[in-house]
Each structure stands twice: as structure tokens, then as C-alpha cells.
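Reviewing the structure listed below.
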Amino acid sequence: MSRAQLTRTGILRMALGGGGADPLLPAEGGGGRRAPFLLRALRIAVVVCLYWFTSIAMVFLNKYLLDSPSLRLDAPLFVTFFQCALTAALCLGLSLGAACGPPCAGLPTLRLDPKVSRSVLPLSAVFIGMVTSNNLCLKHVGVAFYNVGRSLTTVFNVLLSYLLLKQTTSLYALLACGVIIGGFWLGVDQEGAEGTLSWTGIFFGILASLCVSLNAIYTKKVLPVVDGSIWRLTFYNNVNACVLFFPLMVLLGEFRTLYHFDKLGSPSFWGMMTLGGVFGFAIGYVTGLQIKFTSPLTHNVSGTAKACAQTVLAVIYFEETKSFLWWTSNLMVLGGSFAYTWVKGLEMRKVQEDPNVKNGERNETGV
């Protein structure tokens with residue numbers, strides 16, 4: 001997520017599913033005629049390609065900023081802080097441009113309300129854990145293993161849904177989770193066999209998976225505070241994150257690291273930092289576009305296929321050689337994720353087609 005990847009879809013699914021239309025996304029046709037099939041297919045292909053490019057480019061760029069031997073910058077919190085600050089600035093800039101007419105005319109006016117900021121603070125703490133652990137996982141593991149290292153989000157979704165919401169999961173969905181867990185452990189084993197295993201990276205990958213699940217739950221609770229506006233929530237979340245990052249950077253001595261960093265005055269360094277921040281902001285928008293023009297189910301399938309392409313590209317780019325069992329672990333994670341998405345999609349369709357299903361069962365199936 002990725003987005004990240006942020007994401008990468010927890011907040012957007014909540015917003016697109018029930019929090020009002022996104023003013024930057026094109027409105028769906030109401031009573032007008034539908035676009036010709038070829039035009040719709042071309043539009044979907046462009047949106048999917050845009051999502052793939054943005055997501056994969058963001059991962060590779062963040063890997064460079066976090067762990068490049070040529071850059072040698074050991075300040076992961078600063079990199080994350082800068083991206084949060086740039087996201088908040090872009091939200092505010094788009095809001096100020098609302099008076100200029102399309103395409104920003106529908107954006108809500110943003111202003112910092114301390115009371116709202118305090119209400120969003122619990123989510124911001126989870127958000128910091130999510131983006132920081134994602135980046136720290138990427139710093140300590142290779143891009144090729146990154147998808148497996150943080151692949152337990154689906155498992156935590158099921159676990160937290162049961163523990164916090166008392167919602168059960170079907171047997172087929174649990175079997176898919178079992179395949180994901182098996183692929184994760186096989187991947188860890190193979191990384192160890194190849195001598196590239198980082199237990200620090202594994203720890204942050206598991207933590208990132210947990211925080212992504214918690215982020216979706218807290219987002220649903222906090223959205224009413226910002227009137228269901230994803231843009232206001234993004235703005236407050238990133239402003240709070242910037243404030244909270246300062247003491248963390250002081251405690252970990254990152255300001256001292258930056259003081260001795262020899263490329264601090266380099267325009268190319270700041271250009272890469274800015275590009276990383278723009279990609280981090282853009283991933284939310286292109287994720288929303290993909291969901292809008294396809295469906296949440298198709299988006300998840302596209303994300304799984306993108307993760308596969310990202311892994312192959314990383315192995316080729318970094319000239320790595322992987323064993324058969326290592327590839328098997330990746331296929332298990334991707335296959336389990338795809339199977340879970342497919343099972344949930346079938347369950348949701350069954351619920352929608354049955355008018356006698358109770359609301360509680362409707363919510364349970366949609367987890």
C-alpha cells in the first residue's frame with residue numbers, strides 16, 4: 001500500500017464506501033448513457049496501469065531513500081516525517097485552490113481545529129505506527145521480500161474482527177488465511193537459508209500488518225468527527241503525525257544524523273524526497289480511482305497481481321537469485337490473498353442477492 005500502500009486502502013474503502021464522494025474523483029453517471037465498452041475498457045486499463053506505476057515506483061523510491069548505499073541516510077523517521085508534512089501541505093494547497101474552479105471546486109475548506117485534532121489523535125498514533133513500521137520493514141528487507149514480510153494484514157483483519165467486533169469468518173476464508181501464514185513462514189525460512197533474513201525487518205513487517213488492520217478499525221470510528229470527509233481526515237492525520245514525529249526523532253538522534261549528513265544541501269536529494277512525498281500522496285488518489293472505476297474486489301485482485309509484478313521486478317533489478325521454495329512462499333502468499341478476496345467477494349454477492357439476510361450477517365460477511 002503500500003500504500004502504504006498506505007495502502008493502502010483502509011481509509012479509502014471507508015470513505016468511498018460510506019463517507020461521501022471524493023471531490024477529486026470523477027462522478028459516476030446517473031441517468032445518462034453508459035460509455036461505449038471500448039472506452040470504458042481503455043479507461044479502466046489506464047487507471048490500473050497508473051495505480052501499478054505509482055505503487056511500484058513509490059516502493060522502489062522509498063527503498064532508495066531508506067537504505068541506499070550511495071545515499072547512506074540512516075534517518076527513517078525523518079523520511080516518513082517529510083512525506084507526512086508534504087501530504088498535509090498538498091491537502092492544504094488543494095483546499096486553497098478550491099476557489100479557482102475545476103478540478104478543485106468540490107474540495108472542502110481545511111482549517112486546523114485543535115478539538116478535532118485531539119479527537120483524531122488516537123487514529124494518528126496508529127497511523128504513525130503503520131507508516132513507520134512499513135518504512136522500517138522496507139529498510140531492513142529487500143523489495144523482493146517486502147510483500148511477504150508484511151503479508152499478515154488479512155490474518156490480523158480476521159483476528160481483530162473476532163476479538164473486537166465479535167464477527168466470525170467462514171471456513172474457506174480461514175483456510176485462505178492458513179495458506180498466507182504458511183507462505184509467510186516458508187518465506188522467512190528461505191530468507192534465513194539464503195543468509196538475507198533480517199529479524200528486525202520481520203518484526204516491523206508483522207507490526208505493519210497489525211497497524212494496517214487497526215488503522216481501518218480506528219478510521220471507521222473517527223470518520224464522523226470530520227463529517228465523513230477523507231480529505232479532512234488525511235489532513236488532520238498527517239498534521240498530528242508531524243507533531244508526534246518530532247520527539248521521536250529527538251529521542252532516536254535523527255537530528256544529529258541529519259546534521260552530519262553530507263547530502264543535506266543537495267538539490268537531487270531533496271528532489272527525490274519531494275518525489276517520494278508526491279508518490280505517497282498520489283497513491284491514495286489512484287487507489288480511489290481504481291476502486292471507483294472497477295470495484296473493491298477487482299482492486300484487491302489488481303493489488304495482488306501488482307505485488308507479484310513488483311517482486312519479479314525487484315529480483316531482476318537487484319540481480320538476485322532465489323530458490324524454488326522462496327518463489328513458492330511468494331506464490332502461497334499471493335494465492336492465499338487472492339483466494340481470501342475471492343471468497344469474501346462471493347459471500348458479499350450472496351448477501352446482496354438475499355433480501356432476507358439480517359443486517360448483522362451483512363456486516364459479518366463484509367469484513
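Glycine residues also receive a Cβ, built from the backbone N, Cα and C atoms like all the rest.
A TrEMBL annotation is a machine prediction, not a hand-curated record.
According to TrEMBL, the protein carries these features:
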- 41-65: transmembrane segment (TRANSMEM)
- 43-340: domain 'Sugar phosphate transporter' (DOMAIN)
- 77-99: transmembrane segment (TRANSMEM)
- 120-138: transmembrane segment (TRANSMEM)
- 144-164: transmembrane segment (TRANSMEM)
- 171-188: transmembrane segment (TRANSMEM)
- 200-218: transmembrane segment (TRANSMEM)
- 230-249: transmembrane segment (TRANSMEM)
- 269-289: transmembrane segment (TRANSMEM)
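Between the transmembrane segment (230-249) and the transmembrane segment (144-164), fewer than three CB pairs separated by 6 or more residues in sequence fall under 8 Å, so the two stretches do not touch. With a cut-off of 8 Å on Cβ pairs spaced 6 or more residues apart, the transmembrane segment (120-138) and the transmembrane segment (200-218) reach 3 or more such pairs and are scored as touching. In the predicted model, residues of the domain 'Sugar phosphate transporter' (43-340) average a pLDDT of 89.
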